Amino acid sequence: MTTNTTPPVEGVAERHHGDILYHGKGIKILGIQLPPWRSPLAQVILIGFVCFLCPGMFNALSGLGAGGQVDSAVQANASVALYTTFALVGFTAGTVLNYFGAQATLAFGGLGYAIYSASFLCYNHTKNEGFVLFAGAFLGVCAGFLWCAQGTVMMSYPTESEKGRFIGLFWAIFNMGGVIGSCIPIATNWNSEDDGSVNDGTYVGFLALMLCGAVLAFFLVPPEKIIRKDGTRVQRVRHPSMKREIYGLWETIKTDTYILLLFPFFWASNWFYTYQQNCYQLFYFNLRGRTFTNLWYWLAQILGALAFGFFLDSQRIGRRKRAIYGWVILFVAVSTIWGGGLKPLIASSRDKYPDDAPAIDVFDKDFTWYLILYMAYGFQDAMWQTYAYWMMGALSNEPRKLAYFAGFYKGIQSAGAAVVWRLDGVKYSYATLFGSSWGLCGAGMLLAVPVIWRRIKDTELTEDDFVTLAEKDIVMSGLKQVESGHKDGVR
C-alpha cells in the first residue's frame, strides 16, 4: 500500500495523514530517529549549517583582526564596500527571492563569502587591493540575498508551535560556526610567534568550507514539498516589490514615530566591532594570540546570548519589568566593560603599530587579562543584539510591522558599520573609535528609555496589533465565542 505524498490543500490540517508521512520517512542512525528530509526540522538544520559554513566562517575570519593581515586598511575598506551594498540590497532581496526561489538565492549568497576569502588568499601573494574591495562589495550583495532567504525559511517552514524552538536551534548552529571556524587559524598558525599575516592554509580552509556551504544550499527543499507534523502545507512568504517595500517603511515611520528614537541604538549595534577587532585585538596580540582569542570571543558571544536571552524570557517577571531590568543590566555591562578598556586604550596608539606593539603571545603572563577583556567585549555584544531583537518583538505582534522594524535594524546597522570601517581605513585614532563606540552605546541606550518606558507592556496582545477597529471587534467577538463554548463544554 502506498501513501499519497501530495501535500494537502493549503491551510487545511490533515493531522493523521501528516503524522504518517512525517514519521514514516525518517531513518535511524545509531539508534537515533532522524526527521524526514522534507520535514521543517531537517530543513532548518540544513539552513543552519549553510550559515554555519558561510557567515559563521566569515565571523571567524573577521575576528582575526584585519582579516588576518598586518595592515588593517585593506580589510577596513573592503568592509566599507560590504556594508554599503548590504544596506542597499536589503530593499530588493525579497523581489529576487520571489523570482529565483530560496535554493538559488541562498546558494548565490553563499558564493560571495567564498570569493571574499579567496580575495585575501590572493592578496597574500599579489597585494591586489582592488580584488579585495570588489569581493567586499560583492559579498554585501550576496549577504543581503542569503539573509533574506534564511528569514523566509525560518518564517514559513515550521508550524506556529515550533517557530521559537527552531529559531533557537538555528542560531545555536550558526554561532558555532565562529567557534569552530576559529580552530582553523589556530591549527594552521599555532607555531607562528610573529605578528605577520595568516598563512595560505587558513584562507584555503575558509574557502573550502564556504564553498561547501554554497553547494549545501541546493539541497534545500522547496516549500510546496515540505511535510509538516500536522499535515498543513507551507504557505509561500511573498515579499513586496521594492516600491511597496519603501512605501511600507515610510508608513511605519509615520504610524510608529517612536521607532526613530531607536535608530541610534541600531546604529551602534555593529559600530564597536571595528575597535574591538581592528584596534584592540590587532594591536595587543601576535598572530597566535589573535587566533586563540578569536575562539574565546565567539564562545563568549554564545554564552552572552543564552544567558541574557534566558533572563528576558523568564516568566517569573512581567514583560515590562524585564524590559526595564534588562536595560539596567545592559547599561551596567556597557559602562563596566568599556570603562575597563580605558587602561589598554591609553597604552595603545595607531602610531605604535606594528613596530612598537606589545604582540602578546598565548604563553605571556599578561595574556589572560587581555583575553578576559576581549571576551567581555564579545559577551556585551551578544547582550546588545539579543536585547535589540527582544525589544523589537515586544513592541508589536504584527508580522509585517516587525519585518519593517527588522529592516530598519539591519539597514541602519549596516550603514553605521560602513561609516566606522571607513574611519578605520583612513587611520582615525584608536581613541576616536573607542570613544565613539562607548558614546554611541550610551546615547543609544538613553534615547531608547522613552520607548521602553512608554511602549513595552505586559500583555502579549495590545491595541497596536489590530489594524482597524472593525478587525478588533471581530477578534474580540471570536474570543468571547470561544470562551463561551469552553464554559459550555465544562458544564
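Note that the numbers count up from 1, one per residue, in the order the chain is shown.
Backbone N, Cα and C atoms are what each Cβ position is placed from, and that goes for glycine too.
Just so you know, TrEMBL annotations are computer predictions that nobody has curated.
Now, the feature entries from TrEMBL:
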TRANSMEM  41-60  transmembrane segment
TRANSMEM  80-100  transmembrane segment
TRANSMEM  132-154  transmembrane segment
TRANSMEM  166-190  transmembrane segment
TRANSMEM  202-221  transmembrane segment
TRANSMEM  258-275  transmembrane segment
TRANSMEM  295-312  transmembrane segment
TRANSMEM  324-347  transmembrane segment
TRANSMEM  367-390  transmembrane segment
TRANSMEM  402-421  transmembrane segment
TRANSMEM  433-453  transmembrane segment
Beyond the flanks of the transmembrane segment (202-221) by at least 6 residues, Cβ under 8 Å: 37-38, 43, 46-47, 49-54, 57-58, 60-61, 68, 102-103, 106-111, 113-114, 116-118, 120-121, 124, 153, 181, 184-185, 188-189
Candidates 41-60, 132-154, 166-190, 258-275, 433-453; stretch with most C-beta pairs under 8 Å toward the transmembrane segment (324-347): 433-453
Top partner of the transmembrane segment (433-453) among 41-60, 80-100, 132-154, 258-275, 402-421 - counted as Cβ pairs under 8 Å: 258-275
Folded-back contacts onto the transmembrane segment (41-60), same chain, C-beta under 8 angstroms, at least six residues removed: 34-35, 106, 109-110, 113-114, 116-117, 139, 143, 146-147, 149-150, 153-154, 157-158, 162, 166, 169-170, 172-182, 184-185, 206, 209-210, 212-214, 216-217, 219-221, 226, 294, 298
Any contact, the transmembrane segment (166-190) to the transmembrane segment (295-312), with at least 3 Cβ pairs under 8 A: yes
Ranked first among 80-100, 132-154, 295-312, 402-421 for CB pairs under 8 angstroms with the transmembrane segment (258-275): 402-421
Close approaches to the transmembrane segment (132-154) from elsewhere in its chain (Cβ under 8 angstroms; 6 or more beyond its ends): 43-44, 47, 50-51, 54-55, 58, 74-75, 77-90, 93-94, 96-97, 102, 105-106, 108-113, 115-116, 118-120, 122-123, 163, 166-167, 170, 220, 237, 239, 406, 410, 414
Same-chain residue ranges lying at least 6 outside the transmembrane segment (295-312) that approach it to Cβ under 8 Å: 59-60, 63, 171-172, 175-176, 178-179, 182-183, 186, 322, 325-326, 329-330, 371, 374-383, 385-387, 390
